[in-house]
Amino acid sequence: MDKINQTFVREFILLGLSGYPKLEIIFFGLILVMYLVILIGNGVLIIASIFDSRLHTPMYFFLGNLSFLDICYTSSSVPSTLMGLISKKRNISFSGCAVQMFIGFAMGSTECFLLGMMALDRYVAICNPLRYPIIMSKLVYVLMTSVSSLSGGINSIVQTTLAMRLPFCGNNIINHFLCEVLAVLKLACVDISLNITTLAVSNMAFLVLPLLVIFFSYMFILYTILRMNSATGRRKAFSTCSAHLTVVIIFYGTIFFMYAKPKSQDLLEADKLQALDKLISLFYGVVTPMLNPIIYSLRNKDVKAAVKYLLGRKALN
C-alpha cells in the first residue's frame, strides 16, 4: 500500500526560470507580446484563407491549417507559462499535464507531416505545372491534411499514454516551462527503455521521413528551376518556395539544436545547459509560430491583397 502511495502523483511543479527572477519579468513581457502576435497573425491568415476566394488553393489551405496548429500548440502551454512567470503559481494537475503533453505532441507531429505535404505541393506546382490542378485536387489536399492530423493524433496518444502511465515515486518537480515528455520521463523511477524506443521510432517517422521528403522535393525543384530559360520564371519559382523553406529551416534547426547538443558532466555547466534547453524550447514553442505568418505574408502579394481586402470590408461595415 505504501508503495502505491509513493508512486501516485496528483500534480507536477514546473520550475521554469525560478532560479532567474529578473529574467522571469523580462520573459513575461516578451512571451505575452509574442503570444498576442501569434493569435493575431495566424488568426488573420486563417480568416483570409477562408473568406478570400483567391486563396482557395492547396498552398493556402495547408497554410491555414499550419496557422491553426500554431495557435493550438501555443494556447496549450503559453497561458500556464505566463501564469507561472507572473504569479509564481507553478503547479499543474496530473490531468492538465497529460492534456498539455498530448496537444503539444499532436500539433508538433502534425506540423512535421504538414511541412512535408507542403513541399510535395510545391514540387507538383513547379515540376508539373500543367497537371497541378488535376494532381492537387481538393479531395487530394484535404486527404493529405487529414492523414497528417490523424497520424499526429495517434502518435500523441501513444507517447502520452506511455509517459503518463509511469510511476513517479512522489517526484513531481519538472525542470521545464511545460510538461515536455523528456523532462517528465526523467521523473520516472522505473525503466523507460520502452518510452525511449517509441520516441526514437516516432522521431524517425515524424522528423526524419518528412525531412527526406522535403529534401528530395527541393532537389527536383532546384533541378527544374535551373533548367528554366526565363529569369522571371526562375525568380517567381524561387519566391513561391522561399517562405516554406525558411519555415522548415527554423523549425528543424531549432529541434536538432535542442536534441543534438553535447551533455556536460560539470554540474555548473550542466545547470547552464538546462537553462539554455528551456530557452531553446521556448523559442521553438513561441518564436517559430510567431514568425510563420510574418514569413509567409512578407513577400506574398496574394496574402497582402487578401488582408487589405478584408480590412477594407471591415472598415466599410
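For all residues, glycine too, the Cβ spot is worked out from N, Cα and C.
Copied over from TrEMBL:
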TRANSMEM  25-48  transmembrane segment
DOMAIN    41-296  domain 'G-protein coupled receptors family 1 profile'
TRANSMEM  60-78  transmembrane segment
TRANSMEM  98-118  transmembrane segment
TRANSMEM  139-158  transmembrane segment
TRANSMEM  204-226  transmembrane segment
TRANSMEM  238-259  transmembrane segment
TRANSMEM  279-298  transmembrane segment
Taking 3+ C-beta pairs under 8 angstroms (sequence gap of 6 or more) as contact, is the transmembrane segment (60-78) in contact with the transmembrane segment (139-158)?
yes
Criterion met for the transmembrane segment (238-259) and the transmembrane segment (139-158) (at least three Cβ pairs under 8 Å):
no
Taking all residues of the domain 'G-protein coupled receptors family 1 profile' (41-296) together, what is their mean pLDDT?
86
Contact between the transmembrane segment (25-48) and the transmembrane segment (204-226) (3 or more Cβ pairs under 8 Å, separation 6+):
no
Below 8 angstroms Cβ to Cβ, which residues of this chain, lying six or more residues outside the transmembrane segment (279-298), approach it?
27, 31, 34-35, 37-38, 41-42, 44-45, 63, 66-67, 70-71, 73-74, 77-78, 81, 176-178, 180, 243, 246-247, 250-251, 254-255, 257-258, 304, 307
